[in-house]
Amino acid sequence: MEDLSLPKIDYAAVAPMLILFGVACVGVLFEGVLPKAARRVTQLVLALLGLVAALSVIVWQSDTRVLTAGGAVAIDGPTLFLQGAIIVLGIMALLLIGDRAMEHGGAFVAQAAITVGSEADRKQAVKEQGATEVYPLTVFAIAGMLLFVAANDLLTMFVALEVFSLPLYLLCALARRRRLLSQEAALKYFLLGAYASAFFLFGVALVYGFAGGVEFGTIHDSVTESTQSTVLLYAGLAMIAIGLLFKAAAAPFHVWTPDVYQGAPTPITGLMAACTKVAAFGGLLRVLYVGFDGVAWDYTPILGVVAVLTMLIGAVLAVTQTDIKRLLAYSSIANAGYLLVGVLALSKDGLSSTMFYLVAYGFTVIAAFGVVTLVRDADGEATHLSRWAGLGRRSPLYAGIFTFILLAFAGIPLTSGFIAKFAVFGAALDSGEAWLVVFGVVTSMLLAFPYLRVVVMMWLSEPGESTPTVSIPGGLTAAALVIGVVATLVLGVAPAPLLDLTTSAADFVR
Amino acid sequence: MSLSPYVPIIGMFALAAGFAVMSVAIAPFLGPRRFNKAKLAAYECGIEPSPEPIGGGRVPVKFYLTAMLFIVFDIEIIFLYPWAVSFDSLGLFGFVEMLLFIGTVFIAYAYVWRRGGLDWD
Amino acid sequence: MNALLIVVLAVPAAGAAAAALLPDRVGRIAGTVAAAVALLASLPLYRDSWFSYGPAGVRPWHEVDYSWVPALNLHFHLGVDGVSYPLVVLTALLTLLCCGFTLWRAPEPGRGNTLVALLLVIEVGILGTFLALDLVLFFVFFEVVLLPMYAVIAVWGDRDRAHAARKFVLYTLFGSVLLLVGVFTVVASAGTADIVALTGGGELSRTTQLVAFTLLAIGFAVKSPLWPLHTWLPDAHTQAPTVGSVILAGVLLKMGTYGLIRVAVGVAPEGARWAAPVLGVLAVAAIIIGSLVCLAQTELKRLIAYSSVGHMGFVLLGIATLTATGIQAALIGNVAHGVITGLLFFLAGAIKERAHTGDLAQLGGLRETAPRLAGVLGFAAIASLGLPGLAGFWGEAFAVVAAIDRGGPLWTTLGVVAAVGGALTAAYFLRLLRRVTHGPAIGSLAPPTLAPVEVAAWAPLVVLALAVGLVPGLVLGMADGPVQALLEALP
């Protein structure tokens with residue numbers, strides 16, 4: 001029997017992922033052994049410590065540029081930047097997840113399996129503490145995302161995709177209020193997500209058939225050199241793209257987004273809108289820039305159409321929404337379109353501006369969902385837009401914060417939204433994708449109207465009987481809000497440091 | 001490319017399929033027919049079959065737990081077997097990896113056990 | 001001196017924050033003080049216009065240039081020259097007057113400190129627009145104005161304020177998008193956003209210039225507003241509170257004309273030359289249509305609002321000629337319109353407040369019931385209709401002169417028609433005076449006398465209207481050099 005040669009592993013470079021997987025496992029163990037009362041604090045502290053430790057390692061390793069684990073994992077500039085972004089945004093989301101000040105027991109249900117509407121269900125809705133499994137699940141999801149953006153071959157990428165998707169499917173089903181909606185969201189997300197994963201996997205198989213390997217380096221070489229029929233290549237790439245665009249919520253693979261964003265517990269929606277977006281686009285960037293850059297001419301027009309469609313659908317349908325979470329979901333779809341514009345610049349600028357956009361958007365969107373968790377009445381969060389009328393009178397501070405966030409979404413100057421849009425559009429223009437930019441600017445204007453409508457509603461309407469109160473946020477939510485709003489402002493006024501960072505990080509290793 | 005290495009595999013598939021079809025096909029002719037009450041009742045993991053509630057019932061979640069637990073250990077065995085076969089060449093690295101793997105599986109097991117997944121009622 | 005450019009922007013911004021955070025009364029005082037400091041800081045920016053020579057089409061007296069976002073090649077580049085200086089001072093002055101006015105009386109529903117804060121934010125945006133020498137920075141400041149102005153109209157406005165505010169936002173956003181696309185086009189094809197470097201359009205191909213000018217000009221035309229994109233203006237003016245109207249007419253519209261001169265014409269001169277006839281025809285159409293509509297107006301504020309359309313028509317006609325005289329006329333017309341229309345809106349506000357109506361049919365005999373008010377109104381109206389010796393004259397006269405100087409059948413016709421429009425201007429203002437100040441007294445005004453604050457707010461404008469009218473060199477002198485520089489840079 002021949003000797004197996006074991007791959008070399010640069011443990012320092014993959015340490016952030018190891019730490020988080022370890023922390024998640026320990027978290028599961030704690031669920032088993034700790035008494036109920038001690039679980040929440042322990043889990044929260046453990047998860048936060050794990051994330052901070054992983055972040056420190058990333059900062060410490062920030063100059064690493066290496067292919068490791070037999071070429072399965074690439075630790076390079078984009079990986080480290082995106083991993084750092086996912087962790088920072090993950091910390092914010094975790095703060096929202098951990099807060100129990102607004103609602104007794106937190107935003108999560110205690111026993112998700114209890115029949116909705118039964119006596120036991122009603123009882124647990126008001127009395128029981130929320131499930132603490134959400135913390136290890138969140139950490140698993142974040143760890144999966146870290147691996148996803150670092151994956152240097154399609155198979156590792158697929159495994160990472162499943163690792164971060166499965167916990168998210170579960171988390172979506174755990175909302176304390178509106179259980180049916182939450183379960184529907186989870187089931188929908190799971191079924192469509194499984195479908196998309198299958199597409200991805202099938203695409204991997206086809207590409208393997210073409211290239212004879214799944215590493216991006218191998219694929220790159222055979223894309224540029226191979227003389228055999230390209231049917232397998234194009235079919236495979238198309239299917240892989242479908243799998244990734246599904247996660248990124250790009251049209252026409254976006255239909256799950258509004259339902260899932262609405263049904264999921266709001267902190268989880270924030271996690272999905274920020275971190276999943278970063279991960280999905282991180283994966284997409286690596287696939288397109290490293291693996292398939294040889295056929296850029298062929299896929300750019302198609303993905304361009306997808307981008308335009310995404311922006312249009314997101315912007316147009318956002319206008320008609322009456323639920324704040326659905327509105328933010330459609331806005332998230334439109335933002336996926338803007339991100340695609342940056343991706344399709346297919347240049348160093350495109351890469352760095354897309355990464356900047358991801359971070360800028362992530363901070364803002366988590367803060368937005370943070371505010372949504374605060375506006376509530378006796379039945380939980382009041383997400384119908386008509387209920388937000390007159391909120392400015394009830395609570396000028398939070399209405400002001402939300403206004404600022406919406407202005408950032410609308411891309412008004414002096415917010416991070418403007419700089420981010422400016423950066424991606426500039427990169428696309430430099431690459432000669434003017435048509436994408438025209439659509440981008442026009443849809444940005446369209447998209448400004450739903451935002452302005454909410455602003456007008458909050459400030460110019462009289463508060464009515466049904467205007468909900470704004471809860472005083474717990475310390476954790478307040479911290480997440482402060483981080484999000486400050487980041488939105490700072491990245492709008494002085495974006496230079498982060499842009500420099502993205503520029504210096506914008507080099508893939510192959 | 002020669003297909004000859006695949007011939008035995010195809011033969012194997014044909015044999016397996018043939019055996020399965022044949023077993024099902026000839027059972028009605030060869031088997032003795034001695035019915036009793038238990039044979040006609042629905043099979044529910046060996047316990048007393050519960051009458052189905054009106055409007056369709058829900059299968060107790062306990063069945064899923066058992067099934068999941070089975071899969072957990074099933075998968076573990078699948079990985080353990082090839083590792084054991086090539087234990088020598090994998091060396092210490094493989095040993096540590098397998099310990100970690102078993103460790104994670106046992107974490108899941110401990111979770112299920114502590115949270116009452118093993119109690120039937 | 002250069003640091004003053006920063007101070008001029010930072011002080012109102014700080015004042016806005018202070019006004020918003022402090023309690024009502026104290027906040028208003030803090031905001032007014034900030035506006036006063038900003039005015040004082042803007043005055044010493046002046047320098048002799050022949051100070052700087054050079055090849056560039058823009059030769060700032062003072063400038064600061066910090067790298068803002070190196071990765072995107074954005075600069076925080078501010079500068080002031082003879083084109084922008086009068087507008088900067090005018091902005092600072094009008095904002096101070098409005099803040100002081102609000103100190104005395106905040107319109108319904110109160111919360112004067114918030115109003116002052118918004119006015120100061122608007123001031124930051126307008127001043128920044130006038131000072132910016134970086135195209136993207138220019139756009140950023142241009143956008144800053146939008147939402148505070150919206151809030152001013154939508155919160156403190158008249159009965160139909162929500163509709164007017166929405167219309168204002170819709171139009172302005174539309175303009176902004178075109179402007180943004182234009183800015184993108186220019187920046188992407190020239191590789192720089194520096195207005196100094198871009199002026200003259202040397203970097204850009206003819207096609208790019210045509211596209212860029214069209215986009216930029218439409219964007220600015222919405223703001224100016226140029227007929228037929230003006231319809232938001234009467235609504236916004238009629239519904240806005242007095243201070244909002246003053247700022248809107250006095251300086252906010254100037255962002256459009258200033259942008260047209262500095263950015264659209266400066267950056268894409270080929271495009272400007274190509275589009276000049278169209279611009280000229282539209283400008284003259286605005287003059288005639290604005291005047292005719294004014295003749296039919298029955299509401300005081302609406303009439304003044306439409307008169308703005310006519311006056312901005314003269315300014316645009318001046319720009320469209322692309323001659324030194326024409327652009328000079330546009331600049332002085334800008335300043336004169338800012339001073340006079342600011343004053344007119346103050347007066348209209350005062351009258352409406354006393355008579356509780358703006359309907360011309362229900363006003364009358366002001367000469368008897370409130371002689372002082374009637375006197376000032378008469379002065380402002382006459383200044384606005386362009387009586388020689390008052391500020392309004394120079395801009396209109398020279399715009400016509402420039403058009404006729406330009407020669408050719410088209411421009412001569414435009415000049416003649418514009419002159420007829422000038423006569424119509426006189427007609428509707430005289431009609432206004434006949435209706436409001438003369439005739440039998442209808443109802444009574446309470447109080448008939450002027451409050452000291454009103455006198456204080458109006459006096460500087462009256463003095464300026466006289467001063468600019470008698471010594472047009474005040475504005476023309478300092479604008480001479482920069483305009484020459486701009487025209488020299490054009491191919």
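Heads up, the Cβ atoms here are built off N, Cα and C, so glycines get one too.
Just so you know, TrEMBL annotations never went through curation; they're auto-generated.
Features as listed in TrEMBL:
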{"type": "DOMAIN", "residues": "C:132-419", "note": "domain 'NADH:quinone oxidoreductase/Mrp antiporter transmembrane'"}
{"type": "SIGNAL", "residues": "C:1-19", "note": "signal peptide"}
{"type": "TRANSMEM", "residues": "C:83-103", "note": "transmembrane segment"}
{"type": "TRANSMEM", "residues": "C:115-133", "note": "transmembrane segment"}
{"type": "TRANSMEM", "residues": "C:139-156", "note": "transmembrane segment"}
{"type": "TRANSMEM", "residues": "C:168-190", "note": "transmembrane segment"}
{"type": "TRANSMEM", "residues": "C:210-233", "note": "transmembrane segment"}
{"type": "TRANSMEM", "residues": "C:245-268", "note": "transmembrane segment"}
{"type": "TRANSMEM", "residues": "C:274-296", "note": "transmembrane segment"}
{"type": "TRANSMEM", "residues": "C:303-324", "note": "transmembrane segment"}
{"type": "TRANSMEM", "residues": "C:330-351", "note": "transmembrane segment"}
{"type": "TRANSMEM", "residues": "C:372-394", "note": "transmembrane segment"}
{"type": "TRANSMEM", "residues": "C:414-434", "note": "transmembrane segment"}
{"type": "TRANSMEM", "residues": "C:455-479", "note": "transmembrane segment"}
The transmembrane segment (C:83-103) and the transmembrane segment (C:210-233) contact flag, 3+ Cβ pairs under 8 angstroms: no
Feature contact check the transmembrane segment (C:455-479) with the transmembrane segment (C:372-394), CB under 8 Å, 3 or more pairs: yes
Other parts of the chain folded back onto the transmembrane segment (C:330-351), taken as Cβ under 8 Å at six or more residues beyond its ends: 83, 86-87, 90, 94, 97, 101, 237, 241-242, 245-246, 249-251, 253-254, 257-258, 261, 300-301, 304, 307-308, 311-312, 314-316, 318-319, 358, 363, 366, 373, 376-377, 380-381, 383-384, 390-392, 394-396, 398-399, 436, 445, 450, 454, 457-458, 461-462, 464-465, 468-469, 472, 475-476, 479, 483
Considering the transmembrane segment (C:245-268), which listed stretch of C:115-133, C:139-156, C:168-190, C:274-296 counts the most C-beta pairs under 8 Å: C:115-133
Among C:139-156, C:168-190, C:274-296, C:455-479, stretch most in contact with the transmembrane segment (C:115-133) (C-beta, under 8 angstroms): C:139-156
Interface-richest range of C:168-190, C:274-296, C:455-479 toward the transmembrane segment (C:139-156), CB pairs under 8 Å: C:168-190
Contacting positions for the transmembrane segment (C:168-190) when only residues 6+ beyond its ends and CB under 8 Å are counted: 135-136, 138-139, 142-143, 146, 149-150, 153, 197-198, 203-205, 208, 211-212, 214-216, 218-223, 225, 229, 231-232, 235-236, 259, 267-268
